Amino acid sequence: MKNRTFATIDGNEAVAQVVYQINEVIAIYPITPSSPMAEWSDAWASEGKPNIWGTVPTVVQMQSEGGVAGAVHGALQTGSLTTTFTASQGLLLMIPNMYKIAGELTPTVFHIAARSLAAQALSIFGDHSDVMATRGTGFAMLCAASVQEAHDFALISTRITLESRIPFLHFFDGFRTSHEINKIELLTTEDFKGFIPNELVIAHRSRALTPDKPVLRGTAQNPDVYFQARETVNPYYLACPEITQKVMDEFAQMTGRQYQLFEYHGDPTAERVIILMGSGCETVHETVDYLNALGEKVGVIKVRLYQPFDSQRFIAALPTTTRGIAVLDRTKEPGASGEPLYLDVVTALYEKWGVGSLPTVIGGRYGLSSKEFTPGMVKAVFDNLAATIPKNHFTIGINDDVSHTSLDYDPDFNIEPDNIVRAIFYGLGADGTVGANKNSIKIIGEETNNYAQGYFVYDSKKSGSVTVSHLRFGSQLIRSTYLINKASFVACHQWDFLEKFPILKDIVQGGTFLLNSPYDQDEVWERLPGKIQAQIQQKQLKVYVINAYKVAREAGMAGRINTVMQVCFFALSNVLPREEAIAEIKKYIRKTYGKKGDQIVQMNIKAVDTTLDNLHELVTREYSAPPQIPNHHYPLSPEGAPPSSIPYILGKMIAREGDELPVSALPNDGTYPTGTAKWEKRNIAQEIPVWDTDVCIQCGKCVMVCPHSVIRSKVYEPEQLENAPSTFKSANAKDHDWHGLKFTIQVAAEDCTGCGICVDVCPAKNKAQPRKKAINMEPQLPLRQAERENWDFFLSIPNPDRRELKLTHINQQQMQEPLFEFSGACAGCGETPYIKLGTQLFGDRMIVANATGCSSIYGGNLPTTPWTQNAAGRGPAWSNSLFEDNAEFGLGFRVSIDKQTEIASQLLQELATVVGRELVDDILNNQQNNEAEIWEQRDRISILKQKLQALVNPELTSKAQLLLSLADYLVKKSVWIIGGDGWAYDIGYGGLDHVLASGRNVNILVLDTEVYSNTGGQMSKATPKGAVAKFASGGKPAAKKDLGLMAMTYGNVYVASVAMGAKDEHTLKAFLEAEAYSGTSLIIAYSHCIAHGINLSTAMQNQKAAVDSGRWLLYRYHPDLVKQGKNPLQLDSRTPKLPLEESMYLENRFKMLTKINPEVAKELLKEAQTDVNLRWQMYQYLAAREVTQG
């Protein structure tokens, strides 16, 4: 056996390394958690890396997974070795083509990071729902249980498909395998070449469509032959299992790693056996070893080839002593007599068991949406099998108090050996903790003889969410595919987490605790929450503290504390000699940040060099009794709330205790209340804006740009200040319309993310201190309590009357209450200010169809939602369908609302003699064109409802009841279709185009970040020429799609292109005009993004630079102007005055290319400048045309 190379990589990279080498065409589209496989392929192709045949694979990005499947089908039909990667809904979009590919016996492998399907809710996490939905397509299914298996099966499945002609799904668990980092043995180029015989490749090519040997495929067949034709493939499927095992045996001869279609592990005379597939196999494997060492007789069968299901080999793998079988499925099929694997096992046993009585077979569900699957749960399943009457169709890992399917288990059951080092790190999204820990586990895996495993837990929030890193390393193979619950090392990178989460729950006696503290060493002990003090003393922990933010700030890295904490970990863990560890950290810094420029590299290295001087051991008191220091609890704390209440449910989720919620606690249809984000109080900002009353000019700009709606302004009567807190600030209102009133700008300190955009846009200058403005950043912690009281008081002040505000004046319009607040978006997000503005203007009558993407995640991800309500209980109604159908989904809203309004109007006419003709006429004739008319209409509807409720005439009651149920539709509803550029320009463009052509009164808001932000920054058709993005590693060669111009060609669509940072009044005007327009409206909003490689605190300057250079145009196309004899296109940008280079190179996404490939960067910049010039000239021409009517 040849010497082997090891690498510490995650499952996605492990698969991509193989797939890239043995394919010629790779069609891609981003979807979590499979995207990194496509990203690696694109990056290698961009570098010119060849495959085993010496050619660089063609990597082509499509507009959707449906498009990918079509491209794959076409490439396969013309003889190329072709593959793709996907998951979840993406895989479902491929199903029609999968039937075709399989029906034509075309070899290919789709590599799937298996993920939940959107049902009552979307979930990005892992289970087998997606792959099980494809069972009827004819694709074979090969399942990998670990990173090593995923690496190996990528090669094995490709060989099998070429030999069998059966297309394959090679799948592995999303996140648990796709994103787990593990030390694996790598296959080599020689392995690939030896394992993929040329004759199989030639045979595939010989079946290609070519005019040199013309044939016809894809015919339409009639009833006389279709049935028979379907049966012709049977011999291929019957042969597939034998071919698969033969290939696995050959692989074993080459590598020493033997796989079986059904691999048994356990006692040879086992009486109880669990059958499953995927990463759960590893947990069962190690639990079987533990239980058998205690004298049990148990085993596990790991299913590798699921389809075609070889019943004979399955029976042969079972010990003949088997008396009880538990089949575990990682999916749910409501209404079925059992889940898929269970049904196949039952069928196989019934058909093939032979002599003697059948074993008892029970089925169960586990692990949906990456729900934990632990040794304690495995033991519970074995215990259930040992019961006199085992529970069938059970669930494990949840508390089902509705259908009573769940098994009880011991959550503290632990089987991990003491010689495995286990460490947990609690970080904040975007503080670099996860990235640093990925590098740490790679250093350990590659620079020591240890096996290593890294797994990272984060919710779907953007930066600012909690991340938990789980690192294991030791001298033996690590099979523990579950979270650590006994850690020898715990690091807390955010002080506030001490009050929010059970940070020290899983640390062992005598363990090491590393804490990032904002306080000096001498203050730390007194500042610790009482519960933490008690745990430190009771568990006799060694505690080390560092002010990582101070070290990072002094190194010029602001909030990026990852490098600092990484150095501390290596210094305390002793896994490597200290100097060697620091050298490796610096090596990985250069590798990780080299493309971002030497300045970033040097800042990180400076942080490394200064860290250990700031790391101190904390001297704790002798233990006597738990200190009586009150703990902080969330306003939505589960303590004190009834178990059935929404506050209790959301409180448990916020406290990271959602796993404890029973089935009965959750809504059965996925419906949740709005207005809950205000209870979360994340306290993640190190600094918050503080208002200077003397300098402020009361322009409202800071309020408008605040991405999280934490800055608010109000005017009010002076007497409202009578009970104000002593630190509450106010000033005399400066607007002439508010003479004699008081004015306040207030910040929600505990909801602020500290982005600083408000400071950047503030136009006011402090003449005494030129570096100061009317709003300035100051440390949050000393201000928190006072600002909490000030915020509560501010909310008690009545809002200004919306009917009296001048909505075209920003300072007045920003007095409107936002009905979108405190989202989980990135600090400094460029999308949310537009959404917030829409809710301020129209939120109390708004219904929103939101495409899957960033805006659906920060807008609709549990536990809390930023969409909220006003004091009257009105606010945006929000829903997300899918990524690809959002435009159609929103059109459905409009069609339905219009129909219900029509029915209500008809009923109103029919009941006019009863409710009063005058009231009916007033309701039906009200145009509802402004706030005053909307308010009047609501008052009339209230009177109407009172009259309807008073009716007692039996003949009228049914109509009255119907009208009562529809009366609110007589108030104008504002339908908004919201999504990002990945939706609008790519996957959803067909539907969007149809809605634009419909003429229906919907408002479409495209939050254009110019990349697929939600999936990690991949290229879309909105990505500008020359930008480096994932899937465009060598810089995007094509120009940005002009969505606005395409929409204008219909002639009856209102179109606006806006950039708040360039011209906020223009943005406001566009929103008002779009909503007022009676047809279809489209607003394309420039939205800066963290993926642009910019400082988000000054991102509004980037927007302005984009407009000043002509890269982004401001315009409004208003069809109604044609009726007035005017040109409908109003070009609101001025002639570009900034060279494009100066705008582009403010952003790292453009600047990176100058380092990667300077010549290409120079050429693309030249082309992009030409494109900008030509586009400006075209829009100038279009806006200057004279319009003639009729």
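Including glycine, each Cβ sits where the backbone N, Cα and C put it.
The [4Fe-4S] cluster 1 site in Swiss-Prot is built from Cys696, Cys699, Cys702 plus one of Cys755, Cys762, Cys826, namely Cys762. Residues Cys826, Cys829, Cys854 are recorded by Swiss-Prot as [4Fe-4S] cluster 3 binders, and the candidate that the same record lists for that site, out of Cys568, Cys752, Cys1089, is Cys1089. Taking CA atoms as the reference points, Cys706 ([4Fe-4S] cluster 2 binding site) and Cys829 ([4Fe-4S] cluster 3 binding site) are 9 Å apart.
Using DSSP to sort the residues of the domain '4Fe-4S ferredoxin-type 2' (743-773) gives these counts of helix, strand and coil: 5 helix, 7 strand, 19 coil. When the binding-site residues Cys696, Cys699, Cys702, Cys762, Cys826, Cys829 are screened for a Cα within 10 A of the Cα of Cys755 ([4Fe-4S] cluster 2 binding site), the ones that qualify are Cys826, Cys829. Using DSSP to sort the residues of the domain '4Fe-4S ferredoxin-type 1' (687-716) gives these counts of helix, strand and coil: 5 helix, 11 strand, 14 coil. On the backbone, the CA of Cys829 ([4Fe-4S] cluster 3 binding site) and the CA of Cys762 ([4Fe-4S] cluster 1 binding site) stand 17 Å apart.
Calculated from their C-alpha atoms, the gap between Cys696 ([4Fe-4S] cluster 1 binding site) and Cys826 ([4Fe-4S] cluster 3 binding site) amounts to 27 Å. Same-chain residues lying 6 or more positions outside the domain '4Fe-4S ferredoxin-type 1' (687-716) and placing a CB less than 8 Å from one of its CB atoms are 729-731, 733-735, 738, 741-749, 751-759, 761-766, 772-780, 783, 787, 794, 797-800, 810-815, 818, 820-823, 825-833, 836-837, 866, 1060-1061, 1064, 1100. All chains included, 26 other C-beta atoms sit within 10 angstroms of the C-beta of Cys752 ([4Fe-4S] cluster 2 binding site). If you check the binding-site residues Cys699, Cys702, Cys826, Cys854, Cys1089 against Cys758 ([4Fe-4S] cluster 2 binding site), the ones with a Cα inside 10 Å of its Cα are Cys702. Separating the Cα atoms of Cys826 ([4Fe-4S] cluster 3 binding site) and Cys752 ([4Fe-4S] cluster 2 binding site) is a whole-number distance of 11 Å. Of all the binding-site residues listed here (Cys696, Cys758, Cys762), it is Cys696 whose C-beta has the fewest other C-beta atoms within 10 angstroms. Between the alpha carbons (Cα) of Cys702 ([4Fe-4S] cluster 1 binding site) and Cys752 ([4Fe-4S] cluster 2 binding site) lies a span of roughly 13 Å.
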